[in-house]
C-alpha cells in the first residue's frame, strides 16, 4: 500500500474522533520516526497508538504551560515588598489559589493514567481542552451524559481504554470498531453530567452492566467521544438468540434483531420456527436436500470447526490465515445496504456475514479492510413438480427403488425434466394387461419349490418349462444365453423377422390403403418365477422382480447429449441394471399422443406375427415421458452399446405384455455411461419414434455408414 494512502487513513481515523489535522501531523511524524515507518503498529486497533500519542502530547503541553504560569507567579510574589500589610497578603493568597484552580482546568478532560499503567491509554479525541478565554461547550449542547458511578478494578487495566458495553463470550480485547451500539440494563448506579456546568448528579434506578453481571467504569471523555457532546441514549434491545455453540460452549453463534424505526413490536420466532423456516429456505432457494441435513447441525459444525482452527492454529500457521473468521448477523450493514427493504419485508431473509475476528484487518499490510458484501437471495416460487424435482437431488426415485439414485449436473445449471417416477410400468387406460392366477397352469410354475430355485437340489418346473434358467447363482445372465441375445440384436444374418397379416402400426395410421408389415424382430425371453411359485422373494430366478441393486447416477453429459445414466461402481458382464418402466399404451393411444406432442416409445412387438394380435388392446407399447424410471435417461449408441434389452415374463404367460429389462453386454467400469441401441434405422421410416440426430460417436454408427454409402454411390455415378 502506498504511504500516502496510509497517511490518509490515519487522518480520516483521527477526524472521526474529532481531532484536528493540525494536531495529528506533528505527532504522526514523531511516531513514524519512532516506529521506523512501521504502519502495522501505528494502524493497530484503529490507530490507537496515534490517538494516545496526540492526547499525551496535549496533556504534557497543558502541564508545561501550567507550571510556567506558576513559576512566573512565584517570581512576582518574591518581588513584592515586605511591608505589604496582612490584608494585602491575604488578598494576594486568595488570588493565587484562584489562579491555581484555573490552571488545573487547562488540563484536558481525559481519563487519568493510573500508577504503573503504560503509555497506550486511550483518551477521547472528541472533547477539547477548555481554556479561560471562552467556553468550550456550546450552550445548546446541555443534554446530560449517563455514566457509571463506581471504581474500576486494577486488574482490568488492560481493558480500561476500551468501551465495552456488552459482553459476547468468549471474545476478549474487542476493538473500537466493533463496540455495540446498545447497552443492557444492570444494577449499578448512573451519573448525570450536565454539559453546561460540568455538574455531576446521581440518577437512581438507571444502570449499565455487562452481559455477565459485572460492571466496567467508563470515563466521561470516552463516552463523550462516541456521543460527540450529545445525549448517550441507553437503548434496551431484546436478548440475543443463541443459535449454535460448540460442545463445551467456547464458541457461540448469536442472532439479534433490530426492528425498523417506528415499527410495531415484532413476534420473535422460536428456535423451532426458525429451524423449519431455514430448512425450507435451503430446499427452495439453494436446491439442496439431504435427509441428514440440519441447519442447526450445520451451525454447530461451524462452531466446532472454528474451535479446532483456533486451538490448532499455532501448529498450522503456514497453512491457515492469521485472522480466523467467525459468523455473525450484521443488522446495521443491512440497514445501510440496498437490501434493507428486502430484509425488513420478510424476516426469513436473514443474511449471514463473515467478518474477521481482528476487525477485518488485512494480514499483509495491516490496513483496515472492508466487510464482505451481503447478498440477499430472492425466494423462488416453485411449482409442485419443480419442488418434487428439487427434493429428489439425493434420490431421483424418491425412495421408490431399493437404492438411492442421485442426479448431478457439473456442466451447467440445468435440472432434469419434470416427470413422475414409477418403479414399474402402469396401464394408461385401455391396455389389456390382466394378471390372474387362473391363467397360470400348474406346469408353468413351481408351487412345490421353497427357498432358492437355483439351488442344485431343486428340481424346479420353471427351469424345465423354459429350457433351463437364464441366470447363474451369482445373479448374472448365462454366458451362452447373453451371447445369443447380443447376436440376434446386432448381426442381421442371425435376425429373424416376424410379419403380421395386419400390422397394428399400419392400421393406426388410418390410411386408405393398408401397407404391408415391415417386420418385427423375434427375441429370446426370460421366464422368472412369479406369484404362483412357492420360492422366496430373493430366489435366484427373480432378478428383475428384486429391482435395482447397483449404484447408479443420473448426470448431465458434457458432450451435448443432454442427460444420461452412469454407474458409480464396476459392473460385471450379464448384470441386471434396470427395467424400462413407463405408461402401458395401446397403439391407438400412442398415435393419439404422438399427434399432440413428440414421444419416444418402445413397441412391445417381440411376439407380433407369431401370434394373432386380435384387438387394439393387445398391441402395446411403453412410453416414459411423463411416467417412468431412470431408463428414460439412458442414451442411444449404435451397435456396440454396453446394455441390451431382453423381454422378461414375471406376472403372466400372455406374450403380448412383458417387462423389458436391461443387462450389461460387457464389463463396465465405474463412472462409465450406460447406453443401449434404440434400434432406429435413421431414415424416413422411423415412425412412431421421434426423429433425432445420432451423436453416439460409435465407430459403427449407422448415420456414418449411410453417409459413407452415399458418397460411394456418387463416386460410382
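In case you wondered, yes, glycine gets a Cβ from its N, Cα and C as well.
What Swiss-Prot annotates here:
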- 61-136: region 'Disordered' (REGION)
- 445, 446, 449, 453: Zn(2+) 1 binding site (BINDING)
- 445, 462, 529, 533: Zn(2+) 2 binding site (BINDING)
- 458-547: domain 'Pre-SET' (DOMAIN)
- 550-679: domain 'SET' (DOMAIN)
- 561, 562, 563, 635, 636, 678: S-adenosyl-L-methionine binding site (BINDING)
- 690-706: domain 'Post-SET' (DOMAIN)
Exercise. Between residue 533 (Zn(2+) 2 binding site) and residue 453 (Zn(2+) 1 binding site), what is the CA-CA distance rounded to a whole number of Å?
Worked result: 10
Problem set entry | Summary of DSSP states over the domain 'Pre-SET' (458-547), given as helix, strand and coil counts | 25 helix, 8 strand, 57 coil
Problem set entry | Integer Cα-Cα distance in angstrom, residue 449 (Zn(2+) 1 binding site) to residue 462 (Zn(2+) 2 binding site) | 10
Seminar exercise, completed: Out of the binding-site residues 563, 678, the residue with the smallest number of other Cβ atoms within 10 Å is 563
Seminar exercise, completed: With residue 446 (Zn(2+) 1 binding site) as reference and a Cα-Cα limit of 10 Å, the qualifying binding-site residues from 462, 529, 562, 635, 678 are 462, 529
Problem set entry | Cα-to-Cα gap, residue 453 (Zn(2+) 1 binding site) vs residue 562 (S-adenosyl-L-methionine binding site), nearest whole Å | 42
For this session: Mind giving me a neighbour count for residue 561 (S-adenosyl-L-methionine binding site)? Other Cβ atoms within 10 Å of its Cβ, every protein chain shown.
Result: 17
Exercise. Of the binding-site residues 445, 462, 529, which one sits closest to residue 563 (S-adenosyl-L-methionine binding site) when you measure Cα to Cα?
Worked result: 529
Problem set entry | Cβ-centroid neighbourhood (8 Å) of the S-adenosyl-L-methionine site, 561, 562, 563, 635, 636, 678 excluded | 557, 564, 633, 634, 675, 695
For this session: Consider the binding-site residues 445, 462, 529 and say which one has the Cα lying nearest the Cα of residue 678 (S-adenosyl-L-methionine binding site).
Result: 529
Problem set entry | Rounded inter-Cα distance in Å - residue 529 (Zn(2+) 2 binding site), residue 562 (S-adenosyl-L-methionine binding site) | 37
For this session: Consider each pair of residues in 561, 562, 563, 635, 636, 678, all listed by the record as binding S-adenosyl-L-methionine, and report the largest Cα separation in Å as a whole number.
Result: 16
Problem set entry | Cβ atoms near residue 445 (Zn(2+) 1 binding site) (within 10 Å, other residues, all chains) | 22
